[in-house]
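Per TrEMBL, the features are:
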BINDING   61-65, 129-135, ASP164, ALA300, GLY363, HIS412, ASP488  (6S)-NADPHX binding site
BINDING   ASN62, ASP125, SER167  K(+) binding site
BINDING   LYS457, GLY458, PRO459, ASP460, THR461, GLY487  AMP binding site
DOMAIN    13-230  domain 'YjeF N-terminal'
DOMAIN    265-542  domain 'YjeF C-terminal'
Amino acid sequence: MLFGTEILTTAQMRAIESAAMVSGKVSGLTLMERAGAAVAGEIRLRWPKPGRATVLCGPGNNGGDGYVIARLLAQAGWQLHVLGLDNAPGPDAAEMKRRWRRIGPIAPLTEAGLRQSPASDICIDAIFGTGLTRPPEGQIAAVLRQLGRMTGDGEGYPCLVAVDCPSGLCMDSGEWLHPDHGEDTAPVPLHAGLTVAFDSPKPGHLLQWGPTACGKLMIADIGLRHWRERRADTRADAMCPPALRAIWPEFPVRDSRMVDVGSCARIALGKGISAGHPAGHKYSHGHALVVAGPAGHGGAARLAARAALRGGAGLVTLCPPAAAMAEHAGPPDALMRRGLDNATQMRAMLTDPRITALCLGPGCGVNRAAGLLPVVLDHAGPCVLDADALTALAQAPHWPGGLSDNCVLTPHAGEFARLFPDLDARLAETPMRGPAFSRTDALREAASRCGAVVLLKGPDTVIAAPDGQACIHSASDVPWLATAGTGDVLAGLITGFLARGIAAFEAAALAVLLHARAARRFGPGLIADDLPEQLPFLFRELGLDEWGRK
Ligand SMILES: NC(=O)C1=CN([C@@H]2O[C@H](COP(=O)(O)OP(=O)(O)OC[C@H]3O[C@@H](n4cnc5c(N)ncnc54)[C@H](OP(=O)(O)O)[C@@H]3O)[C@@H](O)[C@H]2O)[C@@H](O)CC1
Ligand SMILES: Nc1ncnc2c1ncn2[C@@H]1O[C@H](COP(=O)(O)OP(=O)(O)O)[C@@H](O)[C@H]1O
Ligand SMILES: [K+]
């Protein structure tokens, strides 16, 4: 898989951390010192003038990091107010707590203690990190609810800085863990301004509530790279499912893991059928068919077709029913049109070997999609099934069989629920313990069941392949992407890339990346029609004008 930075589950993170410590080359105390120093460093970068900080230290190693941060900020001239628990933490956290005690006092970490804390410029949440497996309870749960109230409406702390993650969030799923009793004990979501996570992002930073809870996410290198990469060499290890990756266009990582998206995309596009083809012509860039629906519903398919063209397919043919052809007379003139009334005609059309990808669903109508679907599946060529084709697929007798791994399904949440009602029901359950069932778990299971690449749309788009590869793309910074027709553009863009010969999983990942980038570049006010028009600029920005040349 080409795109993105590796995401680690909390179990993988723990395994890497303990492999590092078992090696004897680095101690837990050193890792904790580095973790605390990374957070203190990020704080001092943003607030160069020493201010006042409240530090909330929990019962485990996350709390240990909090004591390190308090010590380092105090040494830099900050005024500290530290709240902690009267428990016996592990040896490293206990040592960091002792070191802090030589500098300053620890007030009890209680709801009242938090409410009565002196005013400060930032509050540092070091209560729970990746070790949280059960919902916060009792006094700590009350503290977190109070913290949520103080940070949720902007009237409490000016800025909450989360250490590794906002406390109470399940880092494998991005869900807030709930105790199983009553409304008044339900968690109040935290809204950090800054989260400094260690070594690698975790799924929970990017899924569900993660992005809004984390605010700006920084990934700090704490010297575990050697053990992480060594583990990557021995993928047979049962603890390592195929890599989960994050695709992020503008991710603010200040370490060596920053992935050059441009070169990733160039490699993917270079793998297309145009690559190294000295006498390349339009057919060597692929020919995509986009099926359109009945008169009055043509816009969605036209959006998809335009995106396939802008994505670089050599030819794109729009196929409405013959009676609806007149509706498609307008631009773009580059688009070819051909009437398509029934499955027999489609079967004949697909005997042309120059057709290299197909898009079925946008604006198609469920009946028409259901009629054409068996031909598309028999053909077994690269295809995107979207919108009405997904509704038809969910009702098909062979479902979830009959698909191949060059097929991409692009459901939104509602379509996903129709296709995989049991997985949707599991996602909807109130998460009571970690690791909670996540969107990546659901997508991996979905892709493995149906044998196709599945892409679940949303502010956190998750893509999974039948072999277990998965990636997350977080677009929570471009909410204006949620506007009518943008999904059709995405389906068309994937189709264009498939037509060019890019493998399904990479085509989907590349399209999701460029789709969000296009929205980000255009800004608020975007309508779906604007998205394909951004692509030429994006290709140039990413150095993709060299595409097809290795
Ligand atoms: N990964 C890395 O490389 C490095 C990681 N480091 C840091 O360590 C952090 C992980 O530390 P950690 O495993 O100790 O778990 P942490 O998240 O602190 O706390 C969760 C624990 O609290 C406990 N608990 C107690 N009372 C509870 C209650 N009322 N409600 C709920 N739970 C309660 C509970 O224990 P339980 O009683 O369930 O056994 C649970 O296990 C990590 O995020 C990072 O900050 C760095 O220092 C070094 C490098
Ligand atoms: N809150 C959001 N923030 C960013 N992107 C979003 C958000 N909600 C949806 N999206 C994206 O917008 C697109 C909407 O697609 P879809 O639901 O199929 O709409 P349509 O059918 O109108 O085209 C998807 O690419 C999805 O990932
Ligand atoms: K935390």
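All positions are counted from 1 along the displayed chain.
For all residues, glycine too, the Cβ spot is worked out from N, Cα and C.
Annotated features, which come from TrEMBL, shown on the structure.
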residue	record	DSSP class
ASN61	(6S)-NADPHX binding site	helix
ASP125	K(+) binding site	strand
THR133	(6S)-NADPHX binding site	coil
SER167	K(+) binding site	coil
HIS412	(6S)-NADPHX binding site	coil
LYS457	AMP binding site	coil
Identify all same-chain residues not among ASN62, ASP125, SER167 whose C-beta atom falls within 8 angstroms of the centroid of the K(+) site's C-beta atoms; report them in sequence order.
LEU56, GLY58, GLY63, GLY66, ALA126, ILE127, PHE128, GLY129, ALA162, VAL163, ASP164, CYS165, PRO166, GLY168
For the binding-site residues ASP125, ASP164, ASP460, which one has its C-beta crowded by the most other C-beta atoms within 10 angstroms?
ASP125
Are there any residues in the same chain, six or more apart in sequence, whose C-beta is under 8 angstroms from the C-beta of THR133 ((6S)-NADPHX binding site), and if so which?
ARG433, GLY434, PRO435
Around the recorded AMP site, report the further residues of that chain (criterion: Cβ within 8 Å of the mean position of the Cβ atoms of LYS457, GLY458, PRO459, ASP460, THR461, GLY487; site residues excluded), sequence-ordered.
HIS412, LEU456, VAL462, HIS473, ALA475
Stretch-averaged pLDDT - the domain 'YjeF N-terminal' (13-230):
93
When you measure from the Cβ of PRO459 (AMP binding site), which residues in the chain that are at least 6 apart have a Cβ under 8 Å away?
PRO211, SER474, ALA475, SER476, PRO479, ALA482
Please give me the binding-site residues out of ASN62, SER167, THR461 that lie within 10 Å of THR130 ((6S)-NADPHX binding site), comparing Cα atoms only.
ASN62, SER167
In this structure, which of the binding-site residues GLY64, GLY458 has the fewest other Cβ atoms within 10 Å of its Cβ?
GLY458
List the residues of the same chain that sit at least 6 positions away from HIS412 ((6S)-NADPHX binding site) in sequence and have their Cβ under 8 Å from its Cβ, in sequence order, or write 'none'.
LEU456, LYS457, GLY458, GLY487
For ligand 2, which among the binding-site residues ASN61, ASN62, GLY64, THR133, ASP164, ASP460 have a CB under 6 Å from it?
none
Rounding to the nearest whole angstrom, report the longest C-alpha distance spanning LYS457, GLY458, PRO459, ASP460, THR461, GLY487, listed for AMP.
14
Sequence gap of 6 or more, C-beta under 8 Å: which same-chain residues meet both conditions with respect to ASN62 (K(+) binding site)?
ALA126, ILE127, PHE128, GLY129, THR130, GLY131, VAL163, ASP164, SER167
